[in-house]
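Enquirer: The following block contains the structure, expressed as structure tokens.
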Amino acid sequence: MSNDLQQGFAPGFHCSSVLANTCCHLIQEVHAGEATESIAEALLADPTPTNFPKCDRTFVSRGGASNGTFTAPELYNPYNQSRQCLYTFLAAPGQRVLVEFRTFDLRGKPPDGAALGELPACMHEYMDIYSEMSSLETGELVNSAFGGRYCGPIPPRRRVSLHRAVALAFFTDHTYTPSTLFYGIYRFINATEFEVGTPIPNTLCSYVIDVGKRKTGLLVSPTYPGIYPKDITCNYQFVGQPGQRIRLEFRDFDLFFGGPHCPFDWVRVYDGPDNTSAIIGTYCGQQRNLVLYSSDERLLVTFFTLPRAANTQNRGFKGIFEFSESFVKLDFISKHDAEHIRGSECDQKILSKKESSGFVYHPNYPFPYIQKVVCRYFIYGMQDSQNLERVRLEFQNFSIPKNISNPDTCSDGYLKVYLRGQEATDSYDKHDAELCGDGDIIPSFPPPLLSDGPRLVLVFSSGELQGRGFKAKYTFETEYRVPGTAAPGGECAFTYRSEAKKRGEFNSPRYPSNYPSHTNCTYTLVATPNEQVTVVFDHFKVRADAWNATAGLYGGATCSEDWVEAWWTGREGTRVPLGRWCGLATPGPLQSPRGALGLLIALHTDSEAVASGFKARYVFEPAKSIFGDCGGNVSGSPWGVVSSPRYPLPYEAPARGAASRVCNWFITAKPGRRLLLNFDHFAVEGHLTERGCPAAVLRLWYESPGPPLELCGEKAPGDRWQYLSSSNSIRLSFIIADKSVGAAGWRAVWTEVTVGVGEECPEACGGACLPPGALCSGLPHCAGQHKSPRCEDAHPADSDGSTVWWVAGCAGGGFVTLGVCWRRRRRVPRGPPPPPRPPPRPLAARLAAPTDTV
């Protein structure tokens, strides 16, 4: 063999002189389009002298269907010299060669699909395969594509010649080669099955498939079922008549898989006449149940392989095609605001336009549906950082007849419903409902359906019986993912009734994900007449970009973006505001008062950024007294003290099983007087601005109308926590939630005062006039104010402030003593000005607040 020819074989391919003469003799005498018996005789009768017996073999077709076997040569090679044997298979015109190994056990380690030349692999014994020789002219074996090198125990995959010839080159340097080393079969097959249409001139494997010549047929890759060739591009152009569609079903599909986007070998299907048409899909790897439909009478299939040297073992594809006018007409989809899914017969997708609605119909609507048709309906709501929708489906017509031989099941036609996104994992066997029946017999339709998330899928199979089909209205509504009884209209409104459930949870929409923007939600908790409801917040984060809260003050002045509000609700539709919260300031525990209907909680979000929102729990419990577990009603005294339970010992969490412990105090002064409240000690778990008061809170009603002031955290000794009421009454409500761990508690001194006396007030505090003897009572009536010097000679007052010696002495000592007392009182120095109190609510907010009628 010449040096050029020898260079054409892979490294390690060494032709003996006998093999070289045989190859050249074969190539010179065989011309394209001919295969005669003389070729075989020439190969077998080569007179060239050699030191080794000849081992080359050739198998030639005589034009008819034929097959046979081949085995390894039996070789004796005592000196371990290189031996090469060439097996050549030659088909007649109009035929191809199929070669398949049945046994294979060559020495060496196979390359495991690696590129040719990677060592060590197949060094001393191997089989080289050439199956893409385009002609039998001189040098063609050198120029044809190399089909791979094989050794080891795994036989090569079957080969089908791309043209008319296949060559196998066996190499060994072993001392003895038995005939059982490999065994295979060959067949000469008809080449017309690969001509799927009219060949396109000057192409290797491209065809035009015209319905005028072939309405149905096979579509196969160029060498199926053998390993497909490298470096080819095949185009299959389907041309039908107007009104027809094309169905393409791949029965076998096996291409090299290089990744989900098929960057190497692929089949691409275009929904139109050329590669500028819309792409139905690009496919590689192994595909099962791949059935595609064109949208009209044109379709293009392109098969592409890379010119790589990788030892791939994939067989290509085999499919069937059909042109037909009976496939579903797509106008029933386009007329009803849906979009046909390319490649399907009648699948459609419907996407939300933000809480939109529409209708879905059976194919061929309004006429009876077509038999033996399967259509899928993908109805998808919005799902992003700002939107989350669900799908509601309500039937307005339904008739899918049952098989009378099996009326208990939908054994013929059916409509399967998927509410939980099963299609994402191809779990079509796990449907949520299977519907069939005839509305004429029972004049009712299937009940409304509601998806669990943003997707609802229908699969309609018409079966063999024909019916009037179905019509259904779909509605995209916001999915809030809030437990509770939702409002029937789909708005963000939820109700929790004691009769239905005594304990439960509720949350902001989509919690723990961010709530949507531009949303208003309400949560109504309704108790029975002899119950109260308690709400405890376990998580709270509501956006407040401009939040600059004054400690304990919440409302429109501080929460202007997103916020949560709460009210007591009365049985006559009245509401009493409890507060507005935002930022990280978690609302304190809420409890409806005795006799109230319950609680109303609202979430407002604007159109800007969002946050994670809140999670809360509620408990309905038997009603307590108006004072709760402790507290009381105080009136008729000039001053007094209120404190947390067990003060100065730490307060305790509620009894086991109780949602909260509540203490309510009602303090009333004489008509025309007001009340001054000063906290000298305060330590309640929480922090007003950093985390709010989720475990315990003291609410103070001192301005009317208006929501209470919320207090928690710890008062420093130098802080002034002093509040002046706007009327002659105040109310304090101390609520301890079940998650409380306890703290030191609090004590406050209340004092009945007058306002507007001016210089005539001998004992003043922050513009208010204290009652006589208050500064000598031993109680801190005024924040930061010390005992008057005139009290130094007096007897100590009662520690609880219930009696004061100064008042008694002045009252029982006569007129002279009273005058002395009065002069002494006028000499009492004025205390320092009071601390700045929280800014009052805006006038408009006060006027808009409803009257407290609970």
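Placed from the backbone N, Cα and C atoms, the Cβ positions cover glycine too.
Straight out of TrEMBL:
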type     : residues : note
COMPBIAS : 830-842  : compositional bias 'Pro residues'
COMPBIAS : 843-854  : compositional bias 'Low complexity'
DOMAIN   : 55-189   : domain 'CUB'
DOMAIN   : 205-324  : domain 'CUB'
DOMAIN   : 346-477  : domain 'CUB'
DOMAIN   : 492-621  : domain 'CUB'
DOMAIN   : 630-753  : domain 'CUB'
REGION   : 826-854  : region 'Disordered'
Enquirer: The domain 'CUB' (205-324): mean pLDDT?
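Expert: Across the residues of the domain 'CUB' (205-324) the model's pLDDT averages 94 on the 0 to 100 scale.
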Enquirer: Check the domain 'CUB' (346-477) against each of 55-189, 205-324, 492-621, 630-753 and return whichever range has the most CB pairs under 8 Å.
Expert: 492-621
Enquirer: Within the domain 'CUB' (346-477), how many residues are helix, strand or coil going by DSSP?
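Expert: Residue counts for the domain 'CUB' (346-477) by secondary structure: 4 helix, 58 strand, 70 coil.
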Enquirer: In the domain 'CUB' (55-189), how many residues does DSSP call helix, how many strand, and how many coil?
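Expert: Breakdown, helix to coil: 4 helix, 60 strand, 71 coil.
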